[in-house]
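Visitor: Mind looking over this structure? Questions follow.
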Amino acid sequence: MITVTMKHFLPPLCLLGSLLRALTQCPVHTSEFQLEGDYLIGGLFDIHHVDGPVHHDKPEAIDCASQPLILSSYRRFQLMRFSVEEINNSTNLLPNVSLGYEIFDHCSDIQNFPGILNLISVNGLIQPWGEPQKNLSSVSKVIAVVGPFSSTETLTVAPLFMMNLIPIVSYGAASSAFSEKVKYPSFLRTVHSNKDVIEVIVNIILHFNWRWVAFLNSDDEFGIDGQELFIKRIKDTEICLAYTKGLNDYTNYSKIFRQIEAQRVNIIIVFVPKMTAEPLIESAIQLNVTNKVWIAGDTWSLNKKLPKEKGIRNIGTVLGVSQPVVTIPGFSNFIYSFKSQTHCENAGQQFCNQFCNCSNLSAEDIISMDPSFSFPVYSAVYSIANAIHSVLQCGAGTCNDNITAYPHMVLAELKKSNFTLLNQSIQFDENGDPKFGFYSIIFWNHSGDTEEVGFYKFNPSAHFFINKTKIQWFTDREAPTSVCSPECPVGHAKKQDGIHKCCFNCEICLNGTYVNSTEDPYKCIDCKETEWSAEGSASCNLRVVEYTPFTDSEAILIMVGAWALVGLTLAMSVLFAINYNTPIVRSAGGPMCFLILGCLSLCSLSVFFYFDKPTVSFCILRLLPFILFYTVCLACFVVRSFQIVCVFKMAAKFPKLYSWWIKYHGQWLVITGAFVIQALFLLIGYSCGPPKPYNETRWYPDKIILSCDMGLKANSGPVILLLSLCSLCFIFSYMGKDLPKNYNEAKAITFCLLLLILTWIIFSTVHVLYRGKYIQTLNAFAVLSSLFSFLLWYFLPKCYIIIFQPHKNTQQYFQGLIQNYTKTISQ
């Protein structure tokens, strides 16, 4: 609690300082800082600014008037005075109610608290927050406060106003932290937050396709907040922050520019107050920094001094984000009228530090100053006045005298603000941020003036525009570029090099992959199974689907061949049946011939399922009939070749084995066993992994060959059994190669097996080298050749003898052959 002692001590101390100053200089009359009225509005303006830390040998109030004067802030200070005077002279807004003000030169954010404490005091005392208020009239002597300007100043003083919900309407504090209503419930502002300024800056960068940027910010609440918002905003963009640095009074600008140059950064975003921007740009000129694009924040983009500095064009091109320059009607006349008054009214001051040695300023000096944040000051005062208007229920030329306005009541009406001021609808959102206004995009032209080249409108929806033709680049015609790595050629993916995604190497996308630069330029994406792409592609193409239809000429020929085989087996069966008891039929196998011919016919069923689009049933039937019934055929030939060898060579040596073979019909046991075993193999294999349709995509990048995945594990058992039978058959038949020429069934079987082996060797070789759509046709042809090899080279000669050489189909002829062979063996 501020004690009574302080109450009596501080004002005399300040008054003494005021009187001493009055003896040496001419202070501005008291009304410049104070104005009596029914309701007081506080004002916090940094008319002077403390450059660095102020050291004292003893406790004393800071002497603001001894610090450098900020003309743009002084202009805003006068604008508040003008706004209050304009409202008081109006009979519409607050009739029969006068507004007063008490404005303080807030020259330091950490050593200038007497003015703040004076605003929240009641009769020189500050009520502790822990003590209950006895009546609302003791809350404070001001109804609301306009200001302060900077985020750091606001961050320091705002909490002092929040507890008693005294509205504070800032015209310059842009930090996003003030949007948190839990911490700042009575804070509003008429300037857009840093978030909006950063949004405009990022849109400028994206518009010119700049990717490699530096961000220089002031080392305070305003600058740090802007840096954090910028990093967050560019997270999901192609923009990379190559360099960032916080600037303060001790910054080594030479080192900063060397580091920026080392990073090859051409775009420099400067998010600092005016007082920090000026030494930065002046250092860039002195250090001969060239060929850069400077993006200025709204705090210094309309600077009047820098665009006219000698050598400013050498540093490059300066773009900026600024609040639109709104002409305040009557303000110039107010300044001229004010400056024409006598400036030496030594009436004394009611509070210390309220001096401005500004007598040497002309009206033109004030009017021509940086107009930034003029409308935010003007709208802040009018927002408070309109809120008081609503609280006092003003209308029809009068206000309700029975109502007394208190800060919390004004705050409630401020939040509901909805009025028109200079053709702009003044409203605040739920966070106390403005819902009105827009940003201009400006360019510092070669004449030393700021020129508007675009805009960014927020409401009702975001709208961004830049007229690039108005900008005079340091590169003459084309906008400069700023990238860490040049863009990759079409069909190349970026491979990040280092921590920045903007720095990368380019790698070509291989066959079957492509890169979509708009979605993910850092990855080669695999094409779908139904698509293909060449090396270095940016998209995929549909594959051509190929298969052999039933209507294909080759397919028709093979199916005709299959039907021909069926017809031949049927004809041979009839011929053999007619000549069943002849020696030639009995030597060919007798009843076994009919089994072999029947199985060959059934095997031919597989041929028909090699054509058209494969299905699960088609894939199964491609192999099942052939493997199952061809097993029976081979088993029959194994038995047949074994019997031939046994009859002529083994009967004499193994009589018991021969008699057992005859007694138990060993040939039929072997055939039946082979059939059963093969059936079990197929059942087990197809149950575990049946053949299924398969799209062959690896051999031809632009085609899909429809085929069947036969399954190696499922078919390995049946194939091994077939190979075993084939091997046994070949062994037995080869053992009987020296039998009589006209009675040598073994030679015929051996020749058929050789043709069979040769057929599948040829097919396997072709299958390794070729996987096109005709591989299915070749597979069907190999199956058909396997069937015709036995039909033509084993059965057809016997049919020829039966039909054309009947004299060789007699018992006497066969006995003569056997006798001659026996004599030859005995000799």
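Cβ atoms are placed via backbone N, Cα and C, with glycine included.
When I checked TrEMBL for this same protein, it listed these features:
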SIGNAL    1-24  signal peptide
DOMAIN    554-812  domain 'G-protein coupled receptors family 3 profile'
TRANSMEM  555-580  transmembrane segment
TRANSMEM  592-611  transmembrane segment
TRANSMEM  623-648  transmembrane segment
TRANSMEM  668-686  transmembrane segment
TRANSMEM  719-736  transmembrane segment
TRANSMEM  748-770  transmembrane segment
TRANSMEM  776-796  transmembrane segment
Visitor: Using a Cβ cut-off of under 8 Å, list the residues of the same chain at least 6 residues beyond the transmembrane segment (719-736) that approach it.
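Guide: Residues 627, 630-631, 634-635, 637-638, 641-642, 644-645, 648-649, 674, 677-678, 681, 744-747, 749-750, 753, 756-757 contact the transmembrane segment (719-736) from elsewhere in the chain.
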Visitor: Counting only residues 6+ away from its ends, which parts of the chain sit with a Cβ under 8 Å from the transmembrane segment (776-796)?
Guide: 547-548, 552, 554-555, 558, 561-562, 565, 568-569, 572, 588, 593, 596-597, 600, 603-604, 606-607, 610-611, 622, 626, 630, 633, 637, 707, 745, 748-749, 751-752, 755-756, 759-760, 762-763, 766-767
Visitor: The transmembrane segment (623-648): which same-chain residues, six or more beyond its ends, come within Cβ distance under 8 Å?
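Guide: Residues 589, 592, 595-596, 599-600, 602-603, 605-606, 654, 657-658, 661, 666-667, 670-671, 674-675, 678-679, 682, 686, 691, 710, 715, 718-719, 721-722, 725-726, 728-729, 732-733, 735-736, 739, 745-746, 749, 752-753, 783, 786, 790, 821.
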Visitor: I need to check the long-range neighbours of the transmembrane segment (748-770): which residues 6 or more away from its ends have a CB within less than 8 Å of a CB in the stretch?
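Guide: Distal contacts: 637, 640-641, 726, 729-730, 733-734, 737, 778-779, 782, 785-786, 789-790, 793-794, 797.
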